[in-house]
Amino acid sequence: MHNHLKPVLLISILACTALASHAIDEATFSNFNEIQTQHFVLDIDINFSRKVFSGTQTLHMKSLNKDLAEVYLDINDLTIYSIEDEEANNFEYKIDSPNPILGQRLTILIPSDQRGKENYIFVISYKTSPTAEAISWLTPEQTSGKKLPYMFTQSESIHARSLAPFQDTPSIKSTYVVNTTTDVEFVTRVSGNITYDYTDCMSRYSTFEMNIPVQSYLLAIASGNLVERRIGNRTFVISEPEEIEKVANEFSELEDFLSEAERLTIPYEWGVYKLLILPPSFPFGGMENPLLTFASPAIVPGDKSSVDVAIHEIAHSWFGNLVTNNNWTNFWLNEGFTTFLERKTVRNIFGEDFMKVTAKLENQTVYFEILDYGLDNGFTSLHPVFNGTHPDEALSDIPYEKGFQFLIYLESLIGEDYMLEFLRSYLKNFAYTSIDVTNFISFFSEYVHQKFTTTDAEKILSKIDFDAWIYAPGLPPITVDFETKEYNDAIELAQSFLDAKANATSALQIFKSFSVNLKGLFISHLIDNQEIVDDCMAQYIYDTLQLGDEINGEVVFRWLIVAIRSGQLRAPFESADEFVGSIGRMKYVIPVYQAMLDSNAAIAKEIFNKHEDFYHPIAIKAIQDIFSEDVLISA
Ligand SMILES: *[C@@H]1O[C@H](CO)[C@@H](O)[C@H](O)[C@H]1NC(C)=O
Ligand SMILES: *[C@@H]1O[C@H](CO)[C@@H](O)[C@H](O)[C@H]1NC(C)=O
Ligand SMILES: *[C@@H]1O[C@H](CO)[C@@H](O)[C@H](O)[C@H]1NC(C)=O
Ligand SMILES: *[C@@H]1O[C@H](CO)[C@@H](O)[C@H](O)[C@H]1NC(C)=O
Ligand SMILES: *[C@@H]1O[C@H](CO)[C@@H](O)[C@H](O)[C@H]1NC(C)=O
Ligand SMILES: *[C@@H]1O[C@H](CO)[C@@H](O)[C@H](O)[C@H]1NC(C)=O
Ligand SMILES: *[C@@H]1O[C@H](CO)[C@@H](O)[C@H](O)[C@H]1NC(C)=O
Ligand SMILES: *[C@@H]1O[C@H](CO)[C@@H](O)[C@H](O)[C@H]1NC(C)=O
Ligand SMILES: [Zn+2]
């Protein structure tokens, strides 16, 4: 049934419709179907004492509309001083009143004698606000060195507009140059190749270039006491000097991961790969900024047990960064595909069981997330309806894991070799563009028709319920199988504690032999059966398995949930307090706050107030959200 190669019209039209003039993105004010940024030059002073960027954003734009009279841009919390053309002639502009989610619309008025041009250059002088959503300013105390302050940005999803004016939509891709000036003691890194670096006695001037067109949410800037070390042919790590040894050691195999992901896909186009380990308040595990992945120190426990997060970010070099979702409804095209490539790479490096255990653990997480949202909640769909909510509010494991399971399901219908070959042609076809799910579905259907006889292709395609998988809310319509012996061992061990039949000696031996994710599955099973776990049983498990020795946050945060819910750890929740005050990764702190909140809201709030200054603005908002939901429910 394979290899009946039929002559097929390669759907080259798709590549054009991909950047069609009628994409919709509710989360931007920009009229990106009428005029498009092709290149920008951002030239900023990074001022640590005032906590602002100031300078110019120069947008090189191409008009698709001969009658264009107004250009709409996204800004949030910016002060605009002037907008000029390249000859310093002023444009008139106006700024709408703020929308609490989207920020403000900046309108540039094109005078009638300048309309009808194909290319426009807008030089916008501006400064950011100290409260910019995208920018985190850390005090010296929040760093390892404790001498210099530190700054980093997070643009995804729609935060780039708070660091400069943009057409802030993933539908628009452009190349860029970023010039930064800081006081001389700071080292700056930007998502781009560093092409110039100069210091005089006062200041440091650096220039970075990105020559592959990318979306605004990939712009990233970090500045502080940074050092960089080459660890492989194309791979580098960056951190404060205090950590560089540990980080270099943890990721000594980074080049192998990159090569393996590359072997599964198409050549890595970005040149080098740099991984920057941030201070602990970074709210995510990692962020795939091209040439400058940002990652939490949570992925550097010291025993290489969380390197798969780096593999996920590497995988974004193809899915997300080369082929991009055109709006936040299609986010699973970034994350589901990246998770798929991550797991294939992980399997080839660490083995089938490791991959399946991870898939099983994350399935557990996503399963409860879906139940939490409610089976008919639109955010449980792979094509969520936003209806005015902030794209960050839909951020969950659903686009990752339901998307991954869908791709595994498709693979089960055509076989792995065809699935990987399909992904390579998908990458080649859609590289440098932003697409939606319909582009993927047509391309997949074409591919199946190309590889199978008409009868077989129809048979395969008719099995796939695209509506149920993609558009409908709820659990995945089909359960793919990730069971392994290890998985059963972990569940059995947890069950033996629940049944009060555990053999303490052998339990400890078995538990110590588990990988981090298997330990996670073990604890997950306790969480699923929380009603059976009382404080006394939790204490017994904690002592028997020496859980106080666990260093990986994946294990610690899950255990804290059990400990708090069972009453083993009571207010003032000392060890949880210490944990949420030491790491700002939202995956860890939000469920721990939720558990504390359910147990003792007043103390949970006190703990949050104490640590608030330590967190990133995005994390603060997310934690505040769980507190306010609680208020709503109890009111
Ligand atoms: C994304 O685009 C689709 C059409 O392709 C549209 O139905 C959906 O509302 C858009 N979502 C957002 C958040 O803009
Ligand atoms: C930062 O702002 C302060 C106060 O306006 C100013 O004195 C200082 O020179 C600025 N530093 C830089 C690096 O621009
Ligand atoms: C950026 O820096 C480079 C190198 O110093 C310089 O050639 C270029 O003119 C600068 N661009 C802007 C817009 O300042
Ligand atoms: C970075 O520089 C390398 C080497 O010059 C080049 O191959 C690569 O395309 C550049 N990457 C980007 C994203 O500009
Ligand atoms: C190092 O990378 C270059 C491309 O960046 C490649 O041509 C060369 O073969 C690589 N060398 C090794 C030893 O992998
Ligand atoms: C969208 O939001 C509006 C205003 O909040 C609300 O009236 C409407 O019911 C919502 N629609 C959907 C489909 O959720
Ligand atoms: C995901 O977890 C749920 C709940 O435990 C289970 O019913 C389902 O079979 C799991 N799916 C996979 C793919 O393992
Ligand atoms: C408990 O496990 C240990 C180590 O495997 C074994 O030697 C011992 O016999 C077991 N005890 C019971 C009561 O099964
Ligand atoms: Zn991702």
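Including glycine, each Cβ sits where the backbone N, Cα and C put it.
According to TrEMBL, the protein carries these features:
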| type | residues | note |
| --- | --- | --- |
| SIGNAL | 1-23 | signal peptide |
| BINDING | Q154, S155, E156, P283, F284, G285, G286, M287, E288, R585, M586, K587 | peptide binding site |
| BINDING | H312, H316, E335 | Zn(2+) binding site |
| ACT_SITE | E313 | active site, proton acceptor |
| ACT_SITE | Y400 | active site, proton donor |
| DOMAIN | 485-627 | domain 'Peptidase M1 leukotriene A4 hydrolase/aminopeptidase C-terminal' |
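Distribution of TrEMBL features across the structure.
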residue: Q154; record: peptide binding site; CB count, 10 Å: 25
residue: E156; record: peptide binding site; CB count, 10 Å: 26
residue: F284; record: peptide binding site; CB count, 10 Å: 23
residue: G286; record: peptide binding site; CB count, 10 Å: 25
residue: E288; record: peptide binding site; CB count, 10 Å: 25
residue: H312; record: Zn(2+) binding site; CB count, 10 Å: 25
residue: E313; record: active site, proton acceptor; CB count, 10 Å: 25
residue: H316; record: Zn(2+) binding site; CB count, 10 Å: 24
residue: E335; record: Zn(2+) binding site; CB count, 10 Å: 24
residue: Y400; record: active site, proton donor; CB count, 10 Å: 24
Spatial neighbour of E288 (peptide binding site) that is closest, considering only the recorded positions H312, E313, E335, Y400 and their CA atoms:
E313
For M586 (peptide binding site), the same-chain residues 6+ apart in sequence with C-beta under 8 angstroms from its C-beta are P283, F284, I618, A619, A622
Where does Y400 (active site, proton donor) sit in the DSSP three-state scheme?
helix
Across the domain 'Peptidase M1 leukotriene A4 hydrolase/aminopeptidase C-terminal' (485-627), DSSP labelling yields 113 helix, 0 strand, 30 coil
Using DSSP reduced to three states, classify Q154 (peptide binding site) as helix, strand or coil.
coil
Give me the mean pLDDT over the domain 'Peptidase M1 leukotriene A4 hydrolase/aminopeptidase C-terminal' (485-627), rounded to a whole number.
96
Can you give me the Cα-Cα distance between G286 (peptide binding site) and E313 (active site, proton acceptor) in Å, rounded to a whole number?
7
Listed in sequence order, the recorded positions within 10 angstroms (C-alpha to C-alpha) of E335 (Zn(2+) binding site) out of Q154, E156, Y400 are Y400
As a whole number of Å, the Cα atom of H316 (Zn(2+) binding site) is distant from the Cα atom of Q154 (peptide binding site) by 16
Taking the centre of the Cβ atoms of H312, H316, E335 as the Zn(2+) site, the remaining residues of that chain with Cβ inside 8 Å are E288, E313, A315, F319, G320, N334, T338, T339, E342, Y400
What three-state class does DSSP give H312 (Zn(2+) binding site)?
helix
Which binding-site residues from the set E156, G286, E335, M586 come near ligand 9, judged by a Cβ under 6 Å from any of its atoms?
E335
Between E313 (active site, proton acceptor) and E156 (peptide binding site), find the distance joining the two CA atoms and give it rounded to the nearest Å.
14
Can you tell me whether DSSP puts G286 (peptide binding site) in helix, strand or coil?
strand
Alpha-carbon spacing, E156 (peptide binding site) to H312 (Zn(2+) binding site), which is rounded to whole Å:
16
